[in-house]
Structures are given as structure tokens and as C-alpha cells.
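K.L.:
Could you have a look at this structure, given as C-alpha cells, before my questions?
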Amino acid sequence: MYSFMGGGLFCAGVGNILLIVSTATDYWMQYRQSSNYMHQGLWRYCMPGKCFPHNDSIAHLDATRALMILSLLACFIGIIIGIMAFIHYSSFDRFDKTFAAGILFFISCFLVFLAMAVYTGVTINYYGKRYGNWRFSWSYIIGWVSVVLTFFSGIFYLCAYRMHECPRSTNSH
């Protein structure tokens, strides 16, 4: 049980760090315009030597930002509850912390998956039709890696919950 919880905490910790890095950095997409490479993130776009905030309220960026921040919060709260379960913190005895942490990690996974899907769909439809020389960049890729890590965190914690709730009976027949 503790190995599952430890694996879940490790994946959640790394996944949360990657979520922070992905959300905060400006390399979600790179494109070439008038022989210069430019890049953009959720908060600003950058030309060679200078970055500018997104001034327009672009719906898909707003949705992606909100979903990424909610995912960060769910993962962070899941980590705190997961640590409490790991060290047997006795407050909230009727509240199964292992199960709650697993569910929070799945919620975080779902939210970041939605954020990545919104960004992907709109970017491909918009930039794919207008520009020929663009690509997703490392911040975007880190976002997808965090989807996988938060998913496995939920799996590990739900496996730990199942092991704790349903111990194998040792029948000596």
C-alpha cells in the first residue's frame, strides 16, 4: 500500500511541477513570420528580443489558463491530502484520504486534459489554416506529460485504497 502511495506522491509532485512550468512559460507554440521565429504561451507572445502580454481576451487562451490553474489547485490539494494519508494524520477519521487524493488527481488529470484539448483544437484550426511553418513547443509537451503523471497518480492512490479497503483473505483450506 505504501509503495503505491509513494509512487502516487512522486508522480503527483513531478506532475504538479510540470503543470506550473507549462502554465508559466511562453513556449506553447513556435512559428515563423517574416524570417523570424516567434513563440507564444498562455500569458504572452514573444518576438525576437521582446515579449508582449496577450492584450485581447482570447476565449481559448482564457479557458486554457483557467483549466490549467484549476488543475494545479486540484493536484496541490491532492498532494496535501495524499501526504496526510501517507503519515496517517488522524483528523477526519470518516474521510478516506487515500480515496480523496486519488479522486483529486483524476480531477486534475481531467482538467489539464481539457485545457490541452481546447488549446490543441483551436490552435490547429486557426494556425494550421493560416500559417505553414508553426509547431507546438516544449511547454505544450510538458503539459501533456503532466496529464500522464496526474493520471498515474490517481491510479496509484486508488490501488492503495483498494489494497487498504479489501485486504486479501488468507484462507487455509
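We count from 1, first residue shown onward.
Cβ atoms here come from the backbone N, Cα and C positions, even for glycine.
In TrEMBL, annotation is done automatically, which means it is predicted and not curated.
Source: prediction; values computed, not measured.
Copying in the features that TrEMBL gives for the protein in this structure:
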TRANSMEM  7-29  transmembrane segment
TRANSMEM  66-87  transmembrane segment
TRANSMEM  99-118  transmembrane segment
TRANSMEM  138-160  transmembrane segment
K.L.:
Can you tell me which parts of the same chain pack against the transmembrane segment (7-29), counting only residues 6+ beyond its ends and a CB-CB cutoff under 8 A?
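P.N.:
Distal contacts: 39-46, 51, 65, 68-69, 71-72, 75-76, 78-79, 82-83, 86, 101-102, 105, 108, 112, 119, 123, 127, 134-140, 142-143, 145-146, 149-150, 152-157, 160.
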K.L.:
Residues sitting near the transmembrane segment (99-118): Cβ under 8 Å, six or more positions beyond its termini, same chain?
P.N.:
8, 12, 15, 19, 60, 63-64, 67-68, 70-72, 74-75, 77-79, 81-82, 85, 140, 143-144, 146-147, 150-151, 153-158, 160-161
